[in-house]
């Protein structure tokens, strides 16, 4: 597996860790300008840490759904080209704006990822990756609705949270349903449970059909 | 073909650009950078992205400011107004009941009686006054209902987790008692547990009363629906989760359904003591 340019494994605090180069955001350890990327705080970080192949080119154009306060997005913007960050809750967007102020290629959007028509006039088509981390019921539908932004060879990188779909059901039962729904528009390339970094999450790499 | 956010915007009009990002929409995305360069909005991709950066930052800042200013302060007003409308409606309904009973054959009490009276035709000047007062009561009661509906709709967007765990109205009352969501988020769980029972709490602190086990959270089914011996435990468990919910809502803002599950589980454990 090859990491996109701009993500490296580097010795930080005596351990080999994923890192990107940029302005620090959340008090993460930094060495020589490289910011350690903590897989326990970032689903995408955990996906890369477990060795999944993101399958994106260097300097990808990215649509990030569920940006929250921008912890993960800050790393994504460090190695990516234009990065569109969609988040629905106003409070985290306040922090996200701070992260975007230091990153010219990061565009914060206070929008609902379930309604792509409300940002299709801003986000360009043919992005190389849709990264999804939304804690809402119907995560497969969010991915399906946002497929229109993805380039033919583009990748969906999604962290599916079982408890958002149904808190009472066993995650083992939830994931097959979500994947089934997802395959209406996507070819699933790889899946991986995110333990020990994140409980009851399934990481998915997929390609648009 | 869809139109981009920059379609009708002068490149120097920052406010217009931010508004277009916030309010616009499109059926489908296009290659916006190329479209923008072609239409002369920007001279090249780099300039387009610079302008996009400025516009999205402006839009996000403005919207966050607006939505945050709105919310919890308005909710506090709405909750207090609902309680005032309720209290005054009931007070006046008593007067209407007394007055109506002396004028008409049927007598009654409360809001429902006043509503009925409000529909009557007045035949004398004194009936006119009594009926007019009854219609004021009915109007006030309607306003209290409308305020409750507003609170039920608004609270989940302002404090999604607190509203889910406590129910929207109790959540709004807690926010009002604390003086805001931020204030509630800073309170320890023991304080939230007795919010609304200040009188009992101060009597206890002065040393001549037992400590109150619950304040306004008594209205939650998990407290009043638990048998008296276990109500203290239930109130403590509920207050603990509500405190976490308020903090998540204030500092993070995302919805965490696992909190609901944890609370349900904890209460089930407490109630199971009864059987053993």
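Quick reminder: no glycine exception, Cβ is built from N, Cα and C everywhere.
Some features that TrEMBL has for this protein:
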BINDING   A:71, A:72, A:87, A:88, A:112, A:113, A:133, A:134, A:135, A:136  S-adenosyl-L-methionine binding site
COMPBIAS  A:7-19  compositional bias 'Basic and acidic residues'
REGION    A:1-24  region 'Disordered'
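Features as recorded by TrEMBL, highlighted on the structure.
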| residue | record | DSSP class |
| --- | --- | --- |
| A:71 | S-adenosyl-L-methionine binding site | helix |
| A:87 | S-adenosyl-L-methionine binding site | strand |
| A:112 | S-adenosyl-L-methionine binding site | coil |
| A:133 | S-adenosyl-L-methionine binding site | coil |
Cβ neighbours of residue A:87 (S-adenosyl-L-methionine binding site) where a neighbour is any other Cβ within 10 Å: 28
Subset of A:112, A:133, A:135 (binding-site residues) with C-beta under 8 Å from chain B: A:135
Binding-site residues listed as A:112, A:133, least Cβ neighbours within 10 Å: A:112
Per-state residue totals over the region 'Disordered' (A:1-24) - DSSP helix, strand, coil: 0 helix, 13 strand, 11 coil
Packing count at residue A:71 (S-adenosyl-L-methionine binding site) (other Cβ atoms within 10 Å of its Cβ): 21
Long-range Cβ environment of residue A:135 (S-adenosyl-L-methionine binding site), under 8 Å and at least 6 residues apart: A:66, A:161, A:164
